[in-house]
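In what follows, a single structure is set out as structure tokens and then discussed.
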Amino acid sequence: MIINDIMEKNGIKSGSHESHVDWFLEGCFQPDASTSRVAITRSPFTIGRRNTNDCSIGSQKVSGQHAQLITVGDKIFVRDMNSTNGTFVNGNRIIVDTPLAASDYLQFADMEFQLGRHQEQRNDQTIVFDEPETGWQISKMNQVVQEQQFRMVFQPIVTAVGDSLYGVEALLRCHIAGFESPIMLFEIASRLGLAERLSDAARYKAAMAIAPQHPAKRLFLNTHPNEQLGQKLINSLSNLRSWVGDWSIVLEIHEAAVPDLATIREFQARLKDLDIEIAYDDFGAGQSRLKELTEVPPNIVKFDRTIVDGLATASTQHRAMVQSLVNVCHENNIITLAEGIDNGEDSEVCREMGFQLFQGYYFGRPAPLEIIPDSTIQ
């Protein structure tokens, strides 16, 4: 076992001993309690539902003796004690003794904590504190995901001919301190293993908001790169399809979510049975997806703003490259959408190139449905 090897190398005997490194756990240890820190003062440091543990956690899903934290010199490990609902490190369930580092996220069943280390003096007392300046991510993420403390806004997608409303993309926004940036929010959710749940919750919230709106258009919904294109996602989308009424659904797929052509081909076929279209998102931002375009053509390709922004003043070579990609799409009967159009000059160049759809601040910022600037949305 990895811990025994380290103990032997450092001349440390097995058994209980005092911890000389100032590690602590940070989180809500009891339902509706304030966020607090508990110092890890001995090794092994027992964690579970029973009051006899060094750290008692008030959740029925946590086992009586759930896990142990073991310090060896300046190193610390977590050991699952055959718990019913598992121990997780940064979203991954552990089976063997697992080394930890400061700022790692620990989950015991449904209770989440962050591991910390004092930089200066030792303090063995539990410290109760209000929201620290940097915020506490686990507690806040529970608010976002479990209590759905976020809202959905919608950005219009318009046709190149006539600038009429083609559809809207649903985008998540959160006002909880520290999570105002959607990029940061999903980065933290990914580290906690919650990105898939957050993405799914956002789609459902968008569907509930959009269903009563008439006349129906297309609702563009996002997936997260961590989401597997499998049965779980299919089942979720099948339920959503019945919620949105006459609205059509376009599912945006990030290139990082596509492991191989066979997977995306099968996934597309399943979505076709549900009358759901596919859009390849952020085209041009990462690795080339030309093989996917020709082998498994989507309904729509969204050209990333990094290759569309500034086209009006771009070099001849850059314009030629974009034009060739647009041509490839049209040859495969794929609708082309230019993202990030923030001025009229770029939109005119995109029209000349043959882009069929536009999205960007020039045509409308993300907003609640009722203030989208198009008379067809009431």
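Placed from the backbone N, Cα and C atoms, the Cβ positions cover glycine too.
A TrEMBL annotation is a machine prediction, not a hand-curated record.
TrEMBL annotations:
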| type | residues | note |
| --- | --- | --- |
| DOMAIN | 45-94 | domain 'FHA' |
| DOMAIN | 134-378 | domain 'EAL' |
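The domain 'FHA' (45-94): residue composition by secondary structure is 0 helix, 23 strand, 27 coil, according to DSSP. Note on the domain 'FHA' (45-94): its mean pLDDT in the predicted model is 92.
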